[in-house]
Amino acid sequence: MNAWEVNFDGLVGLTHHYAGLSFGNEASTRHRFQVSNPRLAAKQGLLKMKTLADAGFPQAVIPPHERPFIPVLRQLGFSGSDEQVLEKVARQAPHWLSSVSSASPMWVANAATIAPSADTLDGKVHLTVANLNNKFHRSLEAPVTESLLKAIFNDEEKFSVHSALPQVALLGDEGAANHNRLGGHYGEPGMQLFVYGREEGNDTRPSRYPARQTREASEAVARLNQVNPQQVIFAQQNPDVIDQGVFHNDVIAVSNRQVLFCHQQAFARQVQLLANLRARVNGFMAIEVPATQVSVSDAVSTYLFNSQLLSRDDGSMMLVLPQECREHAGVWGYLNELLAADNPISELKVFDLRESMANGGGPACLRLRVVLTEEERQAVNPAVMMNDTLFNVLNDWVDRYYRDRLTAADLADPQLLREGREALDVLSQLLNLGSVYPFQREGGGNG
């Protein structure tokens with residue numbers, strides 16, 4: 001059956017700021033306390049969506065979450081009106097305010113793990129929300145992510161959206177950022193490659209930075225998503241590269257159809273893994289980048305592998321890269337050699353995503369890939385599909401509500417909370433989502 005990959009991109013939220021919340025993500029740590037520009041961040045993301053949509057790659061948008069997230073501050077013992085809660089936490093424990101104001105939901109590669117209908121036992125598209133257990137600020141995302149996905153994939157005959165796994169370290173799950181699908185045409189059954197960093201009883205794990213994904217979580221997600229057991233491989237990421245800042249697999253590898261583009265040191269037991277994939281995926285092609293040409297450090301600093309590998313109708317592929325790759329002579333030199341070599345990659349497309357990159361999120365972090373048949377695509381909430389009208393509407397919305405300068409101190413401004421709620425109220429109507437945010441369901445108000 002014919003099917004296409006639709007990229008659902010996360011829209012950057014109004015409180016996008018640099019707080020260095022993500023230990024193990026070196027860009028996040030390096031840019032801590034810099035001044036951010038939420039308006040520019042949102043527009044950079046929108047331009048990527050629109051440019052790819054115009055090039056014939058189906059695109060959709062996933063909206064931001066409510067931030068600062070007052071209910072969690074109340075759980076932490078801060079009381080009073082919303083304004084009083086903000087004032088107290090800013091004075092007594094500003095690190096909590098930064099955490100509950102993170103715009104990290106924009107990296108929707110961590111929102112969920114997807115199983116296309118061609119791979120599932122019941123013939124539905126399955127989406128399992130990620131619990132993002134390893135980082136407090138990200139562990140807050142799952143309930144609203146679930147509401148948003150159910151509002152977008154709202155036809156229960158075609159889509160099953162599963163709640164996140166229990167919030168315990170043993171079941172730490174980071175979503176599609178640690179998941180690859182390999183195969184032929186999108187509508188054919190594919191091989192799902194789940195990548196984990198640690199498993200219970202196995203001492204092979206990183207020592208400097210945390211391994212966020214467990215094998216136990218990956219196995220549970222595969223079960224929830226009803227993936228045919230004959231179409232699953234579990235592989236461990238190389239713990240040495242996690243210790244060099246590769247906090248998700250999508251920082252060291254990207255797949256599309258029959259191609260796996262990865263660093264030579266991406267996986268533990270990589271030779272055996274690639275042999276297994278060759279045996280089980282027709283036409284499988286591994287493009288391994290040698291450490292002598294691109295070091296792991298350079299891969300992390302440029303986000304070479306946090307790229308999007310997109311298929312054209314003729315079978316050729318486009319590699320979507322952040323501007324940092326073009327600015328690094330060694331990486332750009334390698335990429336031009338890659339273009340000239342015998343492989344499906346025929347074009348490099350570069351985007352300026354500096355606002356997201358400075359927090360450790362490149363092109364691939366910003367998108368959730370969902371393979372859909374034509375019938376399934378028709379069943380998606382049409383209001384989220386990117387086109388000329390939506391692009392203009394969202395740019396106007398960003399101009400109206402987003403600030404062009406934000407520091408950690410600004411997060412205590414009650415006006416920022418009010419602006420955010422008003423903006424999301426309007427956005428949920430524009431995207432026909434219903435009441436997906438807690439402030440809407442509580443009768444809301446702005447105070």
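In case you wondered, yes, glycine gets a Cβ from its N, Cα and C as well.
Listed in Swiss-Prot:
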BINDING   19-28, Asn110, 137-138, Arg212, Asp250, Asn359  substrate binding site
ACT_SITE  Glu174  active site
ACT_SITE  His248  active site
ACT_SITE  Cys365  active site, nucleophile
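Known features from Swiss-Prot, placed on the structure.
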residue	record	Cβ within 10 Å
Ala19	substrate binding site	24
Leu21	substrate binding site	22
Asn110	substrate binding site	29
Arg138	substrate binding site	22
Glu174	active site	31
His248	active site	29
Asp250	substrate binding site	30
Cys365	active site, nucleophile	25
- prompt: Want to know which recorded positions, from Ala19, Arg138, Glu174, are within 10 Å of His248 (active site) at Cα; which are they?
  reply: Glu174
Query: Expressed to the nearest Å, what is the distance separating Glu174 (active site) and Asn110 (substrate binding site) at their Cα atoms?
result: 5
